[in-house]
Amino acid sequence: MSKQPENSFSSDKFFPIKQKLALEAVALVEPGMCVGLGSGSTAREFILALGDRVRTERLVITAVASSRISQLLAEAVGIPLLDHSLLQDVDLVVDGADEVDPCLRMIKGGGGALFREKILLQSGKRNVILVDERKLVPTLGKFSLPIEIAPFGCSSVQRILNKQGYFGEWRETSAGERFITDNGNYIYDVRTPDSYANPEEDMIRLLQIRGIIDVGFVIAKAEVWVGYADGSIVRKKKHNEY
């Protein structure tokens, strides 16, 4: 069984870089916007920074959170949240990623919120992904590939995955219990293969399996802001976007 990644926050030596990325991104927020809030340690810093602006500037916005954890944090810092069922267009989505390749394809889902995160990205008019330099990889696969799977028939789905060459383990909580997503599903973390030269093909193949809700690959229109140890930030985006 794989363990759910733990949050280290301020103990992370890249914490100042995450804070700087968050402060740069929060400057994009304008009055009246609907803002998509991602999940994970860098998204957490963005939510905190956005809460500061809402409080000190009386900034009028609405937001949609991609996970229960992000929702609770947003509520705690005074960010007004939109009912998930009313989600339509989102002016700005800010999130993180577990891996980013040179084509800006990503793996997400280390926190188990991949399905909702991808819905937000799909709805976003502008998507900004914040990562530190450790997340840049030549080929996706160094980080395990999370797959969200419905509980019904999950062992059968695992058998099919293994038959097609995807091997991994079910994610557990720190207490040793099966991890359950905010949608009531399980996460299967694929360890093998450990390299995806054509993630688009793998994603299509995996989504054809009944019982799979979503896959951690993100092939989406998004800017990627990379923070480096020297304090610099490089903004990357695909050609002809935005």
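Placed from the backbone N, Cα and C atoms, the Cβ positions cover glycine too.
Swiss-Prot lists S39, G40, S41, T42, D95, G96, A97, D98, K108, G109, G110, G111, K135 with the feature substrate binding site, giving sequence analysis as the kind of evidence. In the three-state DSSP scheme, G110 (substrate binding site) is classed as coil.
Positions annotated as active site, proton acceptor by Swiss-Prot: E117. Mapped onto three states, the DSSP output places E117 (active site, proton acceptor) in helix. Less than 8 angstroms from the CB of E117 (active site, proton acceptor) sit G38, S39, S66, S67, D95, K108, G109, each of them six or more residues away in the same chain.
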Fewest other C-beta atoms within 10 angstroms of its own C-beta: which of the binding-site residues K108, K135 fits that?
K135
Cβ within 8 Å of the substrate site centroid (S39, G40, S41, T42, D95, G96, A97, D98, K108, G109, G110, G111, K135 excluded): which residues?
G38, A43, E117
Provide the three-state secondary structure of D95 (substrate binding site) computed with DSSP.
strand
